[in-house]
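Structure first, commentary second.
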Amino acid sequence: MEPSLARVDYLQVGVTAQKTMRLLPASGKKATQKVVVGDQDGVVTCFGIKKGEAVPVFKTLPGQKISRLELGGALNTPQEKIFVAVGSEVRGFTKRGKQFLSFETNLTESIKAMYISGADLFLCASYIYNHYCDCKDQHYFLSGDKINDVLCLPVDKVNCITPVLACQDRVLRVLQGSDLLYEVELPGPPTVLALSNGNGGDSGEEIVYGTSDGKLGVTQITGTKAIPRWEIGNEKKRGGILCIDSFDILGDGVKELLVGRDDGMIEIYSFESADDPVLRHDYALSESIASIQGGCVGKDGYDEILAATYSGWLTGLTTEPVHREGGSGEELKLSQEMQNKISSLRNELEQLQIKVLQEREKYQQSSHSSTAVSSVPAFSVNDKFTLNKDDASYSLILEVQTAIDNVLVQSDVPLDLLDVDKNSAVVSFSSCDSEVSETKEPNSNFLLATYRCQANTTRLELKVRSIEGQYGTLQAYVTPRIQPKTCQVHQYQIKPLSLHQRTHSIDQDRPMNTLILKGQFSFAEIHSWVVFCLPEVPEKTPAGECITFYFQNTFLGTQLESTYRKGEGYFKSDNISTISILKDVFSKEATKRKINLNMSYDVNEESVRHTLKLIHPKLEYQQLLAKKVHLIDALRELQVHEGNVDFLLPKYRSILEEADQLLEEYKRQPAHLERLYGMITDLFIDKFKFKGTNVKTKVPLLLETLDGCDQDGLIAFFDAA
């Protein structure tokens, strides 16, 4: 049965971080629960709802931003003590707002993730995990990549402390004390962890994870290995998962899975059978969901889903019917209640408008005085720049706490802007230097575009596709609708091998080209070169003496293995162009630092054929798509002229029937064919560059050959040259 949920907006606090809102346990069955939320102004707000109005219980003074909020208490008792992570400190409050704990940890960085189980406190900074018991240091672990979340299996069920770290390198790290017990490979970078069913399931060992690319799954963490239970992909191309909760919102006696995503989507998954989650309901808000909880908030006896959004709105999806059934007396009473509420809201709005006018006049007077001091209004921007595996493009998501006026996008490297369905902003392009030259200025413009947003747009999603080998900076100038006008600039690095994504393993049977580096460089220096070249590599130098990373090109499917240590590095790829890009970048970086590099390479001729075989199906498809699109106008003209299309061959009739889809696909991936031509050209030049031959004069002939050339003909051209 489809749940009937009505939206209620309760209150707005400051900007909130991920997992900073919780519901306190109810005092009785089906009684309303108090809400506690921490924001980036450092304020902890606790409130309840009476007659549809938010009634404060307590509110703390502003301070450093709150990065996490958890509930705790003695095991097997109501978890009603409130703990917040502020910088490197953990503070504890009672449900009445009295502070009983101020624990300054020994962490040198701010706390990013926190979990509480009885007297045990689990804290994580970017790479460091610490376990405290009664505020005494117990265990420590240094992770190989950034830690996004942490939890511990329920001690009363598992009988031992088993912390689990969600790490950026697509891995769950299961710990025992200060040691790594084992790693669990995941299909995407995990951003949030939760106990399955709220208690770890029957065994207490089941963990739900959500990833930054929108996948959801459950894995069982046993003492020796992980057993995957189920996993749901992200076929609908929705946002990354930020928060998860378990709650019986359907009232069928089985807890549903509540999921909040960074594109504002709230989802309810029910379990028809033990391991078969089904999406039962979804609801879209206009901004990312930072926290989600199921409980009873607005009215006794009516369950609801409460979400805290990025800009601090606390919004409920309640099971309480909007129109009550009953006699005319009850309807009249409801109508009176609504009239009173509307009247009070109107009064509040009028007072706010008067206050705004007064403050505006005061600002105008002070700004024209001789002692005027200019003040730039501060605003918070939540941004995310991630590589999408599905279409080899980068998503840039910009979310502002107030409405966005416009966003100017500028790049000093060639980039294609792709269409985003959810994007309602009007885009306009400015002409700029489009010529790519070897000696281009670092500040030259290859892309200048302005997105003008509609009123009340707080979240904007852009998509760009880069060219491997061309690297630089993408800048976004964000201007919100606030006075006086102000702008924030955010920069994103486009790396030399920007379309490569970290993976857990590669196919060792492919024909590989190898680049070998030797020289007087440290482990930290060669690691910094790899960080400069490739995305998804942790900036911190890995522990140990040697490290291996695996990558896959999201556009072509070619692979790269990089193994390096102090004084030497080995880079293997089945694409010779990847090796060529690495060789050029490493040479430049070593020259900058005056390091003498000894480079050698082993080129496998078979790898060129192998790469061409990977490219050719894509090339053929794009060539056919381009030809079909170019025929559409002529075929439509014929259709209008002749009145019908019965005389056309079936293949031309099908082009007319699919015209809209073909045009949409062609529009969605501009310059796709040119990209493929560019890759084949680079492959051709790089193949002979390693032999010491310059074949740039033969490129026009290659481009002529590419039109309508089959795979064997293309390979023959490469061999003959």
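Placement of Cβ uses the backbone N, Cα and C atoms for every residue, glycine included.
The feature domain 'BBS7 beta-propeller' is assigned by TrEMBL to 21-319.
According to TrEMBL, the feature coiled coil maps to 335-362. Distant neighbours of the coiled coil (335-362): 51-52, 483; these residues of the same chain sit at least 6 beyond its ends, with a Cβ under 8 Å from one of its Cβ atoms.
Per TrEMBL, domain 'BBS7 GAE' is recorded for 377-492. DSSP states for the domain 'BBS7 GAE' (377-492), grouped as helix (H, G, I), strand (E, B) and coil, give 0 helix, 60 strand, 56 coil.
Summarising the annotation, TrEMBL assigns domain 'BBS7 platform' to 500-602. Taking H, G and I as helix, E and B as strand and the rest as coil, DSSP gives the domain 'BBS7 platform' (500-602) the counts 28 helix, 38 strand, 37 coil.
For the domain 'BBS7 helical hairpin' (605-718), the model gives a mean pLDDT of 80. Residues or ranges marked as domain 'BBS7 helical hairpin' in TrEMBL: 605-718.
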